[in-house]
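TrEMBL has this to say about the protein:
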type	residues	note
SIGNAL	1-31	signal peptide
DOMAIN	5-99	domain 'SRCR'
DISULFID	CYS75-CYS85	disulfide bond
Amino acid sequence: AAVPARLWGGRSRCAGHLELLFAGTWGSVCAEGWDPAGARVLCRQLGCGRPRLIPVPCSPAAARASPVVLRQVQCTGQEPTLEHCLLEPGHPSSCPTDR
């Protein structure tokens, strides 16, 4: 099934905070394994070329933004879209909490 993705809060449609529509809910990705390979797949999916800046997905700001929908992402970087990566739903134990 397709996993729609969006970037919001940035200065263009190719910049901002990553959210995925997962199980009917837009949620943030605070996932173990989110790395340049995942970012390459996301940018390809959005038609945004090569990723330039890959923020830490588990920053406190990311954890606060919206409910976390993925706890693990594993991409090789060759996948055409994110749904071809291994996506594990849930909330990772390593996600920072609001203090």
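Each residue, glycine too, has its Cβ placed from N, Cα and C.
Looking only at the domain 'SRCR' (5-99), the predicted model's pLDDT averages out at 81. Under DSSP, the residues of the domain 'SRCR' (5-99) split into helix, strand and coil as follows: 20 helix, 31 strand, 44 coil. Within 10 Å of the C-beta of CYS75 (disulfide bond) there are 21 other C-beta atoms, taking all protein chains into account.
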